[in-house]
Amino acid sequence: MANIFVGISNLLGSLIAMVLMDKVGRKLLLLWSFIGMALAMALQVGATSSYLPHFSALCLSVGGTLVFVLTFALGAGPVPGLLLPEIFPSRIRAKALALCLSVHWVINFFVGLLFLKLLEQLGPRLLYSMFSTFCLMAVMFVKRNVIETKGKTLQEIEISLLAKP
C-alpha cells in the first residue's frame, strides 16, 4: 500500500507541475517545492516525539513522506531538468548540462548510500532536521540566485544572466 500511495503522490505532483510550469514559472515552483519539503521533514521530526501516541506518530511519519514526495515532484524534481538547459549558453549547454546532471546523480547516490547509516548514527530527529535545514537553505538560494525563465527566449535569458553583476 505504501508504494501505491508514494506512486500516486509522485504522479499527482508531476501532473500538477506539468500544468503549472509555464503558468506560474519555474522559480515559484522551486520555492514552494523546497518549502513543502522542509515542512514534510518537520512532520518527520514531529513523528519522533515520545509524547505522541504510536498511531499519531505513524500517521505523521507516513504523511510527511507523502508530502515530501508530492512537493518534490511539484518542483525540485522536474524544474532543474527544464531550467538548466535554459540558463546555459548554447555553446556550452550540452557539456554543462551533462556535468550538472552527473553531479546531481552522484550526490543522489551518496545520499541513498549513506541515509540508513546516518539515520542509525544521528537518529531521525537530527537527520530530518538537517534535511529540513538544507531545504530552507535551498529556498534562500533560489530566491537570491535563480532567475525566472518563464515566457523568455533563450537569447533573453542569456542576456539577463550576462547583465547580472
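Backbone N, Cα and C define each Cβ position, glycine as well.
Annotations in TrEMBL come from automatic prediction, not curation.
The domain 'Major facilitator superfamily (MFS) profile' annotation in TrEMBL covers 1-150.
Remote same-chain residues near the transmembrane segment (6-21) are listed as 29, 65-67, 69-75, 77-79, 82, 150 (criterion: CB distance under 8 Å, separation of at least six residues from the stretch ends). Positions annotated as transmembrane segment by TrEMBL: 6-21 (among others).
Annotated transmembrane segment per TrEMBL: 28-49 (among others), in sequence order. Long-range Cβ contacts of the transmembrane segment (28-49) within its own chain (Cβ-Cβ under 8 Å, at least 6 residues beyond either end) map to 17, 20-21, 57-58, 60-61, 63-65, 67-68, 70-72, 74-77, 79, 83, 123-125, 128-129, 131-133, 135-136, 138-139, 142-143, 146, 148.
Long-range contacts of the transmembrane segment (55-84) within the same chain, counting only residues at least 6 positions beyond its ends with a Cβ under 8 Å from a Cβ of the stretch, are 2, 5-6, 9-14, 16-18, 20-21, 26, 29-37, 39-44, 46-49, 96-97, 100-101, 104, 138, 146, 149. If you look up TrEMBL, you'll see 55-84 (among others) marked as transmembrane segment.
Sequence annotations record features per position, and here TrEMBL assigns transmembrane segment to 96-119 (among others). For the transmembrane segment (96-119), the residues of the chain that approach it from at least six positions outside its boundaries are 80-81, 84-85, 88, 127, judged by C-beta separation under 8 angstroms.
Feature annotation from TrEMBL assigns transmembrane segment to 125-142 (among others).
Residue counts for the domain 'Major facilitator superfamily (MFS) profile' (1-150) under DSSP (helix as H, G, I; strand as E, B; rest coil) come to 129 helix, 0 strand, 21 coil.
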